[in-house]
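Asks: Quick one: this structure, given as structure tokens, is what I'll be asking you about.
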């Protein structure tokens, strides 16, 4: 790791982490609120449109926020970071779709739209922040997602919520085959709930770690 | 052989423990009863000591026509007045007409509390009601899966004796009695959400039929209450609406019948029975043995004024305030009582007793004239009644005794000799009286007062006998033996511990071989693998997950696949293998869904699944060609691989074996080609017949196996290249087994074989990732359980993907008749077993050496041979442990859910399949260990200085 990287990592303070996560979380909440109060739909009654709405609100927030933390800001303009975030969106969605299909999400035309919109949302949770920050830097991706050895608050900020969302979605799939005949058991409702819950837990964890690390650093500095 | 015994004893011990545990558990859980195909005939009565009259069959008919209205899942408190219960609930007192009639004419109409015997599911109950027996989960009989009743039953007796039966409502009756009814209006019962179709159908036909003369017995089975309970629960508006609807229709029925009950009219001598087949809990569940589920009701009404019944036999509990009495009856007694009323022979296997109260309701009819002559004749009628009843009881007891005798003689698992002795003793006592009573009845020379005690004693004797038999039968056929179940589970857990111990022990005793880099033994892989196994085990607690077991296994396999992909990203190699593995999981998952859709078509628990499959129309010619050609291509590819394998590294016996397999493959391809319509080969080979090729293939397979066994015994193997020879051994046994399995599984077989080969290769390669990185120098890592877990999940997926599922209708009976036309139990059973467990068990177990024997690792440093066999043994043990854990979970879940609604429909078949699979796996591991380890003797000794004696045994 060279000096510059260290510099870029150390730029992130715990309050920045908190604000970023808060904005992401709030965007989700606003999405739900708008869906409920303005369009009077919710995830259960109209999953496609609700997810689309949440996605539409979450998407700019995530891309614009994480583009601020782009690596090597001197070499990479803000707009470029936003652009690569936008490119990363469908790519991440594709990975999520493939994963979901391998794990057994329903195949079929009537599910096509839901799957696409769900995977776009998942892409926001998992890959888009990382593309905005690191672009296509293989080593960074490798470090965060394959080896799970994040270094610094920024890595944790990318890694924990993403893993949280995936693991949450994995657990969220478990009630699907049960015979309770509840509307929320349909694809992709409970999986989305699981993913959001996991995402939330991941964000809290990442913030907690950032605070801890900040505290340690301060002690060291003193 | 000593070398084998060192490791092999574990397999023997574990197999032994498993068998013991399963036997004990099964004895407590799966109650079995043998179905006898005997049936009673009118002429049989001459063998009995009882009185018979020339005019009638067994008993004098008391009613001419019978109307049975079955209201499914009728709780007792739906019928009985609410004053019988502590608190009036909204669903009570809704069938007011029954209460009103029972109150008004206590001697001709009566409400009974009917006690059903578990399992309280409609099918088993209808079986029980009509046969008068206690159906168990496994009624061993000729009906191999089909639910049609083969035992003698009340409906059958009606048909035999020229009665015409009309049926309307629930189509379960049609399954049970496919061609018994003169006229039937069946309606589909499987859609639980549909509250009205069956009921409306009944209502439409019931009342008009009452004016018809073309039936003697009418059965109308309403389902709405059952469905309303399942969907909404008992305390709900739809339930109350249903009950009120029934009230109206029953009112109508009773009115019509009463209007036509005058002398000479249509319903002069008709009995109306309104009854439930079982109860339900407040949530609408039934199947188990709780009071709510077993307590249902029978309302009986005859349309004549009858004398009050003798109070001695009155079991009713009366409710003083409203002056209404309710008696109690066992459902077991239903078949025989109704048979005696209609004057048909009692069903052969019935163990019920003619219920005095129900009998009295109708039997007054034939001595009605005497009754009318005056009250002074009361005693006379009573005496008459008792004499009739005694004779009926005599016939009843004789018939039950006959059944018990025949059953004990014919059934493998009969009653114990003490019980039989006691039964005979009671019967003898009753009979002793009989000879005296008979004279009394025949000559009637004594006054009634003196004979009454004798008559009563006689009746008591018969009652003792009959109730003892019923009790004995109940304890044998309906009660779970919790102690035995607990013991079985205990032994099963012990066997898991032993399994674990075996792995540990072997690990330790060869501790040198295991690298200390990860000395704690707890790696991420281990935790993850245990997590997968545990979560799969837990999933068996729910009926939904059992139904979707293939999907669950596939989900977990895909999860492991994704983890593999991740680690291959981490190591930056073998990406292709990981991707192919995931792709295979996806393909398997599609195959599993196709299988599930087949299952949904027959299962009563599943709704029809996703509709994407309907988009693909198989009728298109392109698909037909594809379906014909692709399997043959796959077979050719398999053959090509085998050919390459022998050309590179084989000699001697294995070479011949593999060549035999290639020949078999060619024959299979030829067989399929003759069956297809594309090439018009069918008439070309007509002379040889369809069965010739399959039989040749079976013969080749047997020949290969015996050749291998022969080679095992006599050939000296090359000890220098153990891995190579292990690989050759594995290839040859797999190829020897595969041809038969592929043939039995049909066209999908070739594809599945190819797929599982590729999947095995991928798993093995992916395992290699870990091996290379951690132990490049040592060559054998401490065992990573993840690949074994993947392999066992793959086996489970293959079971479901090949169109099987854990139910008896999931067996592919067609496979048993490939190459044979006639049915021979043993032969066909073997073929069916090979078909069912072929890929998922036989090939999986024999393919396990894949993980140590793949030749791509040949060039590594030479290792002591024992290390390989230890690792191989550990893999076998681990695979066995995974299977055993799952089966233990199944057993536990079955025990926990033994009162579940679907215990007989779902949990029990799953239990049977799993248990058979476990024993088969144990056996195969045992055989495989002999096969792979028998050449061990010298090397095991030379490698290790000291031996470690095992602490137990």
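A Cβ is built for glycine as well, from the same backbone N, Cα and C atoms used for every other residue.
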Asks: Among B:451-472, B:693-714, find the range that TrEMBL records as transmembrane segment.
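Replies: Checking TrEMBL against the ranges B:451-472, B:693-714, the transmembrane segment one is B:693-714.
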Asks: Three or more CB pairs closer than 8 Å, sequence separation of 6 or more: does that hold for the transmembrane segment (B:574-592) against the transmembrane segment (B:655-673)?
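Replies: Answer no, regions not in contact.
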Asks: Ranking B:12-31, B:622-643, B:655-673, B:788-808 by Cβ pairs under 8 Å to the transmembrane segment (B:484-502), which is first?
Replies: B:12-31
Asks: Using a Cβ-Cβ cut-off of under 8 Å, list the residues of the same chain that are 6+ residues beyond the ends of the transmembrane segment (B:522-547) and lie near it.
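Replies: Same-chain residues near the transmembrane segment (B:522-547) but 6 or more away: 553, 556, 559-560, 563, 599, 603, 605-606, 770, 784-786, 788-789, 793, 806, 882, 885-886, 888-890, 893, 896-897, 900, 902, 906-907, 910.
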Asks: Restricting to the same chain and to residues at least six past its boundaries, which positions have a Cβ under 8 Å from a Cβ of the transmembrane segment (B:872-895)?
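Replies: Residues 7, 10-11, 14, 18, 22, 25, 29, 485, 488-489, 492-493, 495-496, 499-500, 502-503, 506-507, 533, 536-538, 540-541, 726, 783, 785, 788-789, 791-792, 844-845, 848-849, 851-853, 903, 907-908, 910-911, 914-915, 917-918, 921-922, 925, 928-929, 932-933 contact the transmembrane segment (B:872-895) from elsewhere in the chain.
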Asks: Which stretch, B:655-673, B:693-714, B:788-808, B:829-852, B:907-933, tops the Cβ pairs under 8 Å count with the transmembrane segment (B:12-31)?
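Replies: If we count Cβ pairs closer than 8 Å to the transmembrane segment (B:12-31), B:907-933 scores highest.
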Asks: For the transmembrane segment (B:829-852), what are the same-chain contacts with Cβ under 8 Å, counting residues 6+ beyond its ends?
Replies: 723, 726-727, 729-730, 733-734, 737-738, 740-741, 744-745, 752-753, 756, 760-761, 763-764, 767, 780, 787-788, 791-792, 794-796, 798-799, 802, 804, 811-813, 815-818, 820, 868, 871-872, 875-876, 879, 916-917, 920-921, 924-925, 928, 931-932
Asks: Any residues 6+ beyond the ends of the transmembrane segment (B:788-808) with a Cβ under 8 Å from its own?
Replies: 145, 529, 532-533, 536, 546, 549-550, 553-554, 556-557, 560-561, 564, 585, 588-589, 591-592, 594-596, 598-599, 603, 745, 748-749, 752, 756, 759-760, 763, 836-837, 839-841, 844, 847-848, 851, 875, 878-879, 882-883, 906, 909-910, 913-914
